[in-house]
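Notes for the one structure printed next.
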């Protein structure tokens, strides 16, 4: 009968290597699952900025365009001018009308004062008519002053200036073109308004808090940006519900068995931009919320989850604290 031999050193090495590989594979799988399913990060991020749609307030012939496309400008810099000679003439005409009405009012006041001084030598009807002419002259002067203000405003608006520091983009204007009031001719990207908006899955929102530090990686840029969570959106559109003509809800009868997590916009304030990194509105970014601060925030007990000391110190059997929902409202217990 053959006696079984004891395992040798090589067998122990093989067993140890196998155990290590299995443990490493399990740990790697757990880390990958945790990273993709739990940790709050998303590749669906966008760099955004406020964009001013530059449009003239008056219509006319463009006489000067001192800027070019993709040029940096300061607030107050002239972007273009519209037929200032014509608006200057309109201003002078309105100014002359004010002077004319001022003279007419002075003459009406003199006539009314003379009729009052004559007393009974003139009839009451004449005195009333002279007073009416004074009031009409006053109204005409007020109207002429309003027209002068409008002409002055049009003259000022014929020179369009930058509303903020930024860069001119998509310039579609040349000297000699006719500009129409209210029609955009260029865009001005506000240089001081850049922020990042990340679209996180709703399953990751419980691990995101306002003020959490954030790392932003731009596509094609090895250096990262630093920021913090500024705000979280409170609502998104419901694509399965609309309003009918009779104001009743119209719900889509089709239901997808595969339920995908909705994406919620999270606004990130940029705190630090590395030297030389160019921010462009519309860039794609990967947004990751800092894990250290998140763990500290999750581990800190909230006041709503702690039972009040009066409940434990009071007489009689202690009543367990009721669970609270995320909104801070106590869950109702079933009726006894």
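Cβ from N, Cα, C; glycine included.
Now, the feature entries from TrEMBL:
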TRANSMEM  12-33  transmembrane segment
DOMAIN    51-189  domain 'Multidrug resistance protein MdtA-like barrel-sandwich hybrid'
COILED    127-154  coiled coil
DOMAIN    193-289  domain 'p-hydroxybenzoic acid efflux pump subunit AaeA-like beta-barrel'
REGION    297-336  region 'Disordered'
COMPBIAS  307-323  compositional bias 'Low complexity'
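Residue counts for the domain 'Multidrug resistance protein MdtA-like barrel-sandwich hybrid' (51-189) under DSSP, helix first, then strand, then coil, are 72 helix, 29 strand, 38 coil. Mapped onto DSSP classes, the domain 'p-hydroxybenzoic acid efflux pump subunit AaeA-like beta-barrel' (193-289) shows 6 helix, 44 strand, 47 coil. Per-residue pLDDT, averaged along the domain 'p-hydroxybenzoic acid efflux pump subunit AaeA-like beta-barrel' (193-289), amounts to 91 for this model.
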